[in-house]
Amino acid sequence: MWRVMRSAAANLRRTRQFSVAATIPGPCMVHKRGADILHDPWFNKDTAFPLTERDRLGLRGLLPPRIVSFEQQYARFMDSYRSLERNTQGQPEGAVSLAKWRILNRLHDRNETLYYRVLIDNIKDFAPIIYTPTVGLVCQNYSGLFRRPRGMYFSAKDKGEMMSMIYNWPAEHVDMIVVTDGSRILGLGDLGVQGIGIPIGKLDVYVAAAGMNPQRVLPVMLDVGTNNQKLLEDPLYLGLRQPRLEGEEYLSIVDEFVEAVHTRWPKAVVQFEDFQMKWAFETLQRYRKRFCMFNDDIQGTAGVALAGLLGAVRAQGRPLTDFMKQKIVVVGAGSAGLGVLTMAVQAVSRMAGANGIPSNHQFYLIDKDGLITKERKNLDLSAAPFAKYPEETKGLREGASLVEVVRKVKPDVLLGLSGVGGIFNEEVLKAMRESDSPRPAIFAMSNPTLNAECTPADAFKYAGENIVFAGGSPFENVDLGNGKVGHVNQANNMYLFPGIGLGALLSGARLITDSMLQAAAECLATYMSDEEISRGVLYPSIGSIREITAEVATAVLQAAVAEDLAEGHGEVGRKELRCMSKEETAEYVKRNMWFPIYSPLVHEK
Ligand SMILES: NC(=O)c1ccc[n+]([C@@H]2O[C@H](COP(=O)([O-])OP(=O)(O)OC[C@H]3O[C@@H](n4cnc5c(N)ncnc54)[C@H](O)[C@@H]3O)[C@@H](O)[C@H]2O)c1
Ligand SMILES: O=C(O)C[C@H](O)C(=O)O
Ligand SMILES: [Mg+2]
């Protein structure tokens, strides 16, 4: 458990060419002809339709005569993207990001194959546009940006209709669903129906990183109203104009949706995303023993944070088992912060061994009212296991402030999942200089950029140059002068959710268990070489997200097999999965990862 890969092995893996040859799709059946094909982004090839297909599909005369290759189309798109970048230099960042999102979104609407190819090849550049942080801005402006619908919308007004509505979705097969109710979009709060941008962005990452087939993914918005007064008063707002449903009324909507999905696509994996804390925990508890689902903010985030925390131990030159001694201050007792602490405690008890006494002594939890102790009035049930007994507080009082806690505890790690920009201020960061760790770690994981607890520049400036740093949104590395660079990691659940979803899907498991999630976290934690870790590099580059996702999916699938939960997927049955070696499992995963190239289209009536 928690073995650290030898650096040579990790490097070898990194240099291995990632094979896409096996993913070349065969002919693709299309039930449309003529202009209907050109207007369908799944099938459209624009000017790249060869003459034979133009004849066969009734496209002759509907396109200019010259046939342009995929490579030429690709180059033309990238040229226009780069010229947009040049022409908008110096303009406000938000406006530029939205312009970039628009040009990508237009391509998405027109030609999915080309869109996903440019996305995969340029994921490092494009992830911040189609995903965090720009996706946050898109959600905030969604009603104004809306041109064409994407995904499905189930509203409180659809009660009793969902079982039939689900059949309105045009695709026969759906493998992966990301659903939100828009109640806690990143650190931006309740954005109602406008939160649909998040499932769309997450599923784009699924296609790019996990090779999910875009014809088989479904973003979903459950619109149960909004408590965002500004949106309710906005004449352009596209969602229900009513306060959020609560209690049983709310749950009956989610229940109906989950049942409808399960009836039509019993094997689909469902990811719950950006639900406010009470519903995030409630729905996870309610469905995880019945359906193949997980909550990304609780469980995906936990695995990514744990991998980073273990990396921070290695960066101190200590053995992994020293994780049990690390003093960690978690700021934010919401779905993400509590998810992280829950998984960290599980890791500590595994390390302590079967007879070890599970301990959370070294963890300190802070929320908007300060340090959480057993003396807290109306202590939230989910935070209770992490509340400090009086004898554990080092003399700190209930509700002690963040800076008081940091000064007194001298933590090895300060981890923010509060959604509050800038709360790791100069005073707090300077207090981290007194940390007991030779290499303190600062994780400012809240999204989007302005909601990060601090910037990396401030962290290196005030807490010292020897820190290890991770943000949740992408930031540039920091120039420390004298040729030294402060490496900036992105501790974002995108390193795990695509592999969790893909591994679960390909295993055919009916549930996503703690062991499967632990396998995902372990895989990420052991991915980096000692040399990388010593430079403060805790996570792989986004550029290799497809490789890490394939490994995570393999680990998840193997864990499902080990628990005898893997029932098989498509042609590959339970028995075959059980007989596969690790290498064969990895090959099976890669073989099933979709890669965008134009397939020959064959018309079928
Ligand atoms: N990097 C990632 O992968 C990742 C994953 C999940 C969530 N997040 C981010 O984490 C943030 C929180 O998400 P969540 O789902 O846990 O939200 P949440 O609303 O469930 O919880 C927020 C918590 O922060 C606390 N808080 C608020 N103000 C505070 C303050 N001034 N000081 C200390 N604590 C304060 C609240 O009391 C609450 O406990 C969001 O910004 C989200 O984008 C990041
Ligand atoms: O969406 C992200 O970038 C990460 C996370 O799921 C979040 O809610 O912030
Ligand atoms: Mg989220």
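Cβ from N, Cα, C; glycine included.
Feature annotations, reproduced from TrEMBL:
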| type | residues | note |
| --- | --- | --- |
| DOMAIN | 108-288 | domain 'Malic enzyme N-terminal' |
| ACT_SITE | Y131 | active site, proton donor |
| BINDING | R184, N447, N492 | (S)-malate binding site |
| ACT_SITE | K202 | active site, proton acceptor |
| BINDING | E273, D274, D297 | divalent metal cation binding site |
| DOMAIN | 298-561 | domain 'Malic enzyme NAD-binding' |
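Proximity of the recorded positions R184, K202, D274 to ligand 2, judged by a Cβ distance under 6 angstroms to any of its atoms, singles out D274 in sequence order.
Residues D274, D297, taken from the binding-site residues R184, D274, D297, are distinguished by a CB atom under 6 angstroms from ligand 3.
Close to ligand 1, meaning a Cβ under 6 Å from one of its atoms, are these of the recorded positions Y131, R184, D297, N447, N492: R184, D297, N447, N492. Taking only the Cα positions, the spacing between E273 (divalent metal cation binding site) and N492 ((S)-malate binding site) is 14 angstrom.
Averaged over the domain 'Malic enzyme N-terminal' (108-288), the predicted model reaches a pLDDT of 97. Every protein chain considered, the tally of other Cβ atoms within 10 Å of the Cβ of R184 ((S)-malate binding site) stands at 25. Same-chain residues at least 6 positions away in sequence with a Cβ under 8 Å from that of N492 ((S)-malate binding site) are, in sequence order, T132, V304, M445, N447, G472, S473.
Listed in chain order, the residues near the divalent metal cation site other than E273, D274, D297 are T180, R184, I198, F272, F275, A280, N295, D296, S335, each with its Cβ within 8 Å of the site Cβ centroid. K202 (active site, proton acceptor) sits 15 Å from R184 ((S)-malate binding site), counting Cα to Cα. The Cβ of D274 (divalent metal cation binding site) lies under 8 Å from the Cβ of T180, G182, S183, R184, I185, L186, G195, I198, D297, each on the same chain and at least six residues away in sequence.
A helical conformation is recorded for K202 (active site, proton acceptor) in the three-state DSSP classification. Taking Cβ-Cβ distances under 8 Å and a sequence gap of 6 or more within the same chain, the neighbours of the residue listed as 'active site, proton donor' are G201, K202, D204, V205, M494.
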